[in-house]
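Asker: Just dropping this structure here.
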Amino acid sequence: MLKCTSCGKEYPLRKPCQRCECGEPLELELFKGVPGIGRSIWERFSQFYPFELDLEYSLGEGDTPLTKAKRLSKELGVRLYFKNETLNPTWSFKDRGTFIGIHRALELGFDKIGTVSTGNMAASVAAYGARFGLETFILVSSSIAEEKLKTLAPYGARVIKVHGNYGELYYKSLELGQKKGIYFINSDDPFRVEGYKSISFEIAEEIAPDYVVIPTSSGGLFRGIVKGFLELKESELIDNLPTFVAVQAKGCSPLCRAFNEGKQKIERFENPHTIAHAIENPYPPSGNAVLRLLKELKGLCVAVSDDEILKAQRELAREGLFIQPASATGIAALRKLREEGKIKAGARVVSILTGSGLKFLDAVKEGKVRECRIEELGECL
Ligand SMILES: *Cc1c(COP(=O)(O)O)cnc(C)c1O
Ligand SMILES: [Zn+2]
C-alpha cells in the first residue's frame, strides 16, 4: 500500500501512483524486520523491501564507508563521521534510489524509464538504464552546462533539453510518463526514497549517532534517511532516533525559510543562486513532507552561505575527501550549530557526503603550482 504523507489517503501498490491527488508525495508503510547475513546491504536488510532484488544487476551501490573525521572532530569538538557516498557507482547516493526505483518500474511492467535532473540523478538513471537494458529518457533544463551533459553522454540515454519552466517539468514528466509508458524515477519517487533508507541501516550497523546532517533539495534523501531510522526503531534495533538536520544553501533555502517562520507549507524561493547546484531546487516536491518530519521529530534546519560552503569543501579535502559544494554544506552547518551551542560537545555526528567533487570541477580553484628545471629540482624540494 502507498499512503499519502499528508492526508493519509491510500493507493494500491499495483498502480504506478507516485503522488497523491492532494499534491503531496506518497510513501510505503514502515517495514519491520531482522537483519540477516549477506555481503550487500540489500541482502542484509532484504526484509525491509517489498520485493526481491535482482542483485545480478547491482553495480555495487551502497555499502559505503563510514569514515571518522580526524582534524574536524578535534576542531569542532564532536565525534564526527563521514558517510562517504562518493564511492557509489556514479559517485553519488542517487544510485541507491535508482536501483530500487528500477525494480519498481520492472515490477509494474515498464520497459522505459526516465528522470528529470541536471546532475547526479541524470547520470545515475542513465547508467542503471544502460545496465538493465532499458530505454532511458533524461530530461534536462535548457541551461544545463556542457560539463554536466558530458557526465551522462557515455551511457547512451536519450537526453532531451527542455525549454520552458523547469519547475513544471517534474509534474509534466509524471503525467506524460503514465501516458507514454515511461516510469519517471524522479527525485522523491516513493521507491527512490526506499533506496535511500539503506544509508541509515548501514550507519546503524556501525554506530548510534546523536545527529545526522543531510544536504536537502527535493527532500527525497532526507525522507529516506528518516524512514530508515524509523524502521530501525519500530524493529527495536535501535533505542533512540538521532536528531535530523536538514541543510540548505542560503541562496536557495525554501525549506529553512518556511521552518523558521513556522509555516505549514513551503513557498517558491525566487531567484535562487548558489554554488551548491545539486541542492538548488526552489520549490522542492517533498518540501512540505520534510517540514512535517522536522516538526514532528524536532529536527533542525540550517542554511549556509557560499563562502561557508567553499571553506567546508577545502576542510574536507584536508581530510582526504574531495566532495562537491552541495555535499560540503553539512560541515558548514555543523560548524554553525556548534558555535550557536545547539549541538553539545562530544556528540556523535554523521555528515552525509552526498556526491563527488570530480563532478563539478568549475567550483575548484587551482592550487599553487611551482615550476623548475630538472637540474634545479634539488633546490626546489
Ligand atoms: C540530489 C543531491 C542532494 C539532495 O537530495 P534530495 O533528495 O534532492 O534532497 C544532495 N547532494 C547531492 C550531491 C545530490 O546529488
Ligand atoms: Zn494526500
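Using N, Cα and C of the backbone, Cβ positions are placed for all residues, glycine too.
In TrEMBL, annotation is done automatically, which means it is predicted and not curated.
Quick paste from TrEMBL:
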DOMAIN    58-355  domain 'Tryptophan synthase beta chain-like PALP'
MOD_RES   Lys94  N6-(pyridoxal phosphate)lysine
BINDING   Asn120, Thr354  pyridoxal 5'-phosphate binding site
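For each feature listed, report its degree of burial, its nearest neighbours and the pertinent distances within the displayed model.
Answerer: Here the domain 'Tryptophan synthase beta chain-like PALP' (58-355) has a mean pLDDT of 96 out of 100.
With a cut-off of 8 Å between CB atoms and residues at least 6 apart in sequence, the same chain places Asn88, Asn120, Met121, Ala123, Ser124, Val125, Gly355 near Lys94 (N6-(pyridoxal phosphate)lysine), listed in sequence order. Look at Lys94 (N6-(pyridoxal phosphate)lysine): DSSP puts it in a helix.
Its Cβ taken as reference, Thr354 (pyridoxal 5'-phosphate binding site) is surrounded by 30 other Cβ atoms within 10 Å in the chains shown.
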Asker: Can you tell me the three-state DSSP label for Thr354 (pyridoxal 5'-phosphate binding site)?
Answerer: coil
Asker: Give the number of CB atoms, excluding that of Asn120 (pyridoxal 5'-phosphate binding site) itself, located within 10 Å of its CB.
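Answerer: Asn120 (pyridoxal 5'-phosphate binding site): 30 neighbouring Cβ atoms within 10 Å.
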